[in-house]
Amino acid sequence: MFSVSRLVNWSIVAVAIALVQPNNPLQTSVAFGALGYVVTQALVPRLQHSFIKIGLKGKDMSKRGDPIEIAESMGVIPAVTYMMLMFLLIPFIFFKYLVSFSSLSNDSQMTSNYSDQYSAVTNNRLFPHNKLSEFLSGLLSLQSITLLGLFDDLFDIRWRHKFFMPAIACVPLLIVYYVDFSVTSVVVPTFIQHKIIYGPQMISILNWAIRQGNHIVTYITGLSFSTLVTDYSVTTSDPLLLDLGIFYYAYMASISIFSPNAINILAGINGLEVGQSVVLAVIFLINDLCYLFSSSVSQAAYDSHLLSAIFIIPFIGVSFGLLKYNWYPAKVFVGDTYCYFSGMVFAVVGILGHFSKTLLIFLLPQIINFIYSAPQIFGPCAVP
């Protein structure tokens, strides 16, 4: 006999299957998000006792009375579920490119069309290899950070050793960004140009210093870290752009370091880690949808925010599945695995969606908490 919860789960699965549309990646990602919710909330209660048996457990000090031991590091379940779903999602994202040629009626048409198809592929006009590389680089970074989080849960790595490790996980993202996008310019706020005394002079000095740094890096590595003229036209009129060059990549690496650690620092209360991640993910999704349903957005911006939404929607699904058991009174702990995983998801969508600067605005509560916690993290005050 089916229980009500099981009936609801099967209903969600049925709706998700009905939503799968090969030619609509956004709708299909919603379907996969629903599947992620069902799978995660089904696996967590079934596997929590296995985690306790191998010693992955902790005492919940948030409950009254004697603290009981509950399963820890359960964040690995939504992380693995998410990545499996994202791999299965690849054919649906690129379906229209895989079947771009209609059924052919005779051999001569087949020969002609396949010749055209080969030409289109070699000229990078048929299949968006750059988008596939962005997608795979994002998944590779997420796999790396999930492994780091699991090691942290198993071996309790010290803060000074693990703090900068996410920068290694983001290397695939930065390489793909360098090859496919390479825009390193930022808009200089108008109040700096017109309201601050010696503002233009300071910008000129900063621009000169950045160019010297870029020249040194180019001399040593042979790599050029500057925005191409064909990417953006930099003018002296508003808006004024400042090309950060190599320092923009340092900024993106810093984002990849900060985001996972920020989620991990703002933790310790039932449902806080997953709850803040869900809120942030919904904000990210709203930002993406504003671009996707705008009539004035460019095709490049549309594609970037579509890729961001495809990453975010399944993440919301698996996070809700975990939140069901982590909300007060918590039945499981998420561990550092989920904190690192969720933070890297935000870094990935910020970089691949090309809104890494807007990302800082969304992470403002985490930034405030990081500043407040800095004395404990870096030594002057003891960590409680």
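First residue shown is number 1, and so on along the chain.
Positions of Cβ are set from backbone N, Cα and C atoms, glycine also.
TrEMBL lists 1-22 with the feature signal peptide. Annotation comment: TrEMBL describes 70-95, 163-179, 216-234, 246-269, 275-294, 306-328, 340-364 as transmembrane segment.
With Cβ pairs under 8 Å as the measure, the transmembrane segment (275-294) is packed most heavily against 306-328, out of 70-95, 163-179, 246-269, 306-328. Among the listed stretches 70-95, 246-269, 306-328, the one sharing the most Cβ pairs under 8 Å with the transmembrane segment (163-179) is 246-269. 340-364 is the stretch from 70-95, 306-328, 340-364 with the greatest number of Cβ pairs below 8 Å to the transmembrane segment (246-269).
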